[in-house]
Amino acid sequence: MFQHTTVLLKEAVDGLHIKPDGIYVDCTLGGGGHSEYLLSQLSEDGRLFAFDQDDMAIEYAKKRLARYEKQVTFIRRNFRFLAEELTARGVHRVDGILFDLGVSSPQLDTPERGFSYHHDAPLDMRMNREQSLTAYDIVNHWPYEELVHIFFHYGEEKFSKQVARKIEEVRKEKRIETTGQLVDIIKEAIPAPARRSGGHPAKRIFQAIRIAVNDELQAFKEAITQAIDLLKSGGRISVITFHSLEDRICKVAFKEASQGPQLPPGLPLIPDQYRPALKIITKKPIVPSEEEIEHNHRARSAKLRIAEKL
C-alpha cells in the first residue's frame, strides 16, 4: 500500500488560489494527497495533470483518485519533461503548478527499494525503476573524486573524503551490494565523536547517492524554469523542499524571475521581455506547525515557497 502523509497539504494547495475550472499540474504525485485535495476543489471543467516516474505511485493514485478520472491525467515521467508532455497534450498555459520534492514515505519504507539506511537491502535508490543507473553502480564503480564531489555537494558531508576513501578500500576486496554494508563502511569512516551527534551518520551520504542516482537537482532546475514559463498571468506555483540544496534552487529561480534583467537607467518604458515574470508571495518560506511535525516527523525540514506569475 502506498500510504504517505502529505506535508503542508492545505498551505501548498490553498496557496495556488484554485479556480474551479482551472488547469493545474502536480509535478510530484506521490501518494496523491495534494492531488486529491486539489481535485476536490475543481468543477467538471477543471483539469489536473499529475506527474510521477514511479509506477508504484501511479498505480496507487489511480485507485485513490478513481472518482476524479475525468478530470485527472496521469503522466508517468520525470517532471523535467513537464513542458514537452503538456505540449504533446495541447496544453501551453496553466493556472497552477505544485512541486513536493524528496522521497515519499512508501519509497523509504519499502526495504527493497534501497532508499533507507534503516533496512538492509540491495543498493538501488531508483525512483524510476526502468532506468539503468543504481546506487550499486555509483558505490562500486564511480571514481574516488566523483564520490567526494557528490558526498560534499549533494550531501554536505564534511567527512566526504574519508567516506570515499573507505569505500575505495572495501570495494578493492569485495563488491558493496547492500545498504547495510554501506552503512557499516560509513560508520567506520566517520570519526566517533561526529557519529554521536547530528542524526544517523549515513543520512547525508544516502541523500547524496539518491540525488546522484536520480539526477534530482538538475531535473528540478530544468522543471522549475519550465514551470514559471508555463504559468498564465495570475497563475501560481507552490514548491515544497526538504533540504537546503533544493530550497536554494527554488529561492534563486524565484528571485531571478521576480527581478527581471538589469536595465540601463532612465528608460522611459520597460519592454515586455524585460519585465519581471514573478511576484514572490512568501517573503519567508512557510514551515509546518509543531502539531504537524508531531504527527509526521518527516515534515520537520519542509519549506514551502509560493510565487505568482505577473
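Positions of Cβ are set from backbone N, Cα and C atoms, glycine also.
In the record from Swiss-Prot, residues GLY32, GLY33, HIS34, ALA83, ASP100, GLN107 bind S-adenosyl-L-methionine; the candidate from ASP52, ASP137, ASP184 listed for the same site is ASP52.
The number of other CB atoms found within 10 A of the CB of HIS34 (S-adenosyl-L-methionine binding site), across every protein chain shown, is 29. Secondary structure from DSSP puts ASP52 (S-adenosyl-L-methionine binding site) in coil. Remark: of the binding-site residues GLY32, GLY33, the most isolated position is GLY33 (fewest other Cβ atoms within 10 Å of its Cβ).
Pairwise Cα distances among GLY32, GLY33, HIS34, ASP52, ALA83, ASP100, GLN107, the recorded S-adenosyl-L-methionine-binding residues, top out at 26 Å.
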